[in-house]
Amino acid sequence: MTASAKPVSSVDSFFSATLAEADPEIAAAIRGELGRQRHEIELIASENIVSRAVLEAQGSVMTNKYAEGYPGARYYGGCEWVDVAENLAIDRAKKLFGANFANVQPNSGSQMNQAVFLALLQPGDTFMGLDLAAGGHLTHGSPVNMSGKWFKAAHYTVRRDDHLIDMDAVAKQAEEVKPKLIIAGGSAYSRPWDFKRFREIADSVGAYLLVDMAHFAGLVAGGVHASPVPYAHITTTTTHKSLRGPRGGLMLWNDEQFTKKFNSAIFPGLQGGPLMHVIAAKAVAFAEALRPEFKAYAKNVVENAKALAESLRAQGFDIVSGGTDNHLMLVDLRPKGLKGNVSEKALVRAAITCNKNGIPFDPEKPFVTSGLRLGTPAATTRGFGVAEFQQVGSLIAEVLNAIAQGPDGSAPLVEAAVKEKVKALTDRFPIYQ
């Protein structure tokens, strides 16, 4: 070593070592996941593929900064740049959804909904939400969730004949149970929501209206789905799914009287320091969603969902409610003699990723189910169009028809052949090159 040479210290290594050098096991897992995303068709309705810019923001030095409080009113010094990021996220969210107020700090969809309960209800209060078995969500009153344990959930459901929400039945139930809060929104409902009627029902019984648009927020932002913001007292959404941002939550409202309640419910009510690297990534995603090309994306998501549903219907599969008006659909597998869990595994072996899902009035247990939930946001992001989704429908049918004829829920030769077709298709639409 020469006199001018500087030995490599642990500090130098800490700031310069790549992930592969510092933790090869995690690096290998990430490479494996990237390979999976590149070579599988992602049909999980709650998943998407973020831009490289979102990844860069979320992996930035913003992760180092504690920033309890809100912009201009922090409990820590040195927050001038994270204030810039959070203010940009707030302003962009308000512009994107036409809301007067926004809170971008919720770490997740569950926490944003918990914050609404904390702000507006007392333990033991009655609220209404769509039954999980009919397409609702855990945080809308499932007995295994905090919302169902600490509050009295009165669930509305869908009709047995067409699997649509009966708004007259919702109104009658609201009059009977007198809820303090009514939730519209869900995780597996493929038809439009009548936000105006929900607000009228809420007003008639003196209830607040919460719209959880976590699944279809990107469609609202893109102008292909009605917006709940003018009708709801509070609108919540995740920032991933169809909105195509980082995993996190967002709260929107118009009436200033709620501002202190909702902001205080997030901090200090539920959270401490916000995840500033995620908030920076949210700001990036909101800016992307404000661009004209996002409107085209949202339009394509819906068109592709309709194409996939029709492709499956044409090949003898039942679609719950007969089709879809948004980004997702439920496939009723009972006419094929199949279960959701078996079908999910077979499709995964064929490099088509989806999830088993209960259907309305499903006789099977949640880990079995009689259905599959399919969604189009992720594959649309990578460039799939109507023709590709028609092909995807044929590939799904090829696998499911094959396992329906087999004795053990598998069809190795067909699954392998479909996997090769999937690779040929995904190779035409590469990601993160």
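Sequential numbering from 1, following the chain as shown.
Cβ atoms here come from the backbone N, Cα and C positions, even for glycine.
Swiss-Prot lists LEU132, GLY136, HIS137, LEU138 with the feature (6S)-5,6,7,8-tetrahydrofolate binding site, giving sequence analysis as the kind of evidence. Annotated site 'Plays an important role in substrate specificity' per Swiss-Prot: HIS240, in sequence order, evidence recorded as sequence analysis. Residues annotated as N6-(pyridoxal phosphate)lysine in Swiss-Prot: LYS241.
Here the features listed in Swiss-Prot are painted onto the structure.
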{"residue": "LEU132", "record": "(6S)-5,6,7,8-tetrahydrofolate binding site", "Cβ within 10 Å": "24"}
{"residue": "GLY136", "record": "(6S)-5,6,7,8-tetrahydrofolate binding site", "Cβ within 10 Å": "25"}
{"residue": "HIS137", "record": "(6S)-5,6,7,8-tetrahydrofolate binding site", "Cβ within 10 Å": "24"}
{"residue": "LEU138", "record": "(6S)-5,6,7,8-tetrahydrofolate binding site", "Cβ within 10 Å": "17"}
{"residue": "HIS240", "record": "site 'Plays an important role in substrate specificity'", "Cβ within 10 Å": "25"}
{"residue": "LYS241", "record": "N6-(pyridoxal phosphate)lysine", "Cβ within 10 Å": "28"}
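Across the structure, GLY136 ((6S)-5,6,7,8-tetrahydrofolate binding site) and the residue listed as 'N6-(pyridoxal phosphate)lysine' are spaced 16 Å apart at their Cα atoms. Listed in chain order, the residues near the (6S)-5,6,7,8-tetrahydrofolate site other than LEU132, GLY136, HIS137, LEU138 are GLY129, LEU130, ASP131, THR139, HIS140, GLY141, SER142, ASN145, GLY186, SER187, each with its Cβ within 8 Å of the site Cβ centroid. DSSP assigns LEU132 ((6S)-5,6,7,8-tetrahydrofolate binding site) to a helical segment in the three-state reduction. Reduced to three states, the DSSP call for LEU138 ((6S)-5,6,7,8-tetrahydrofolate binding site) is helix.
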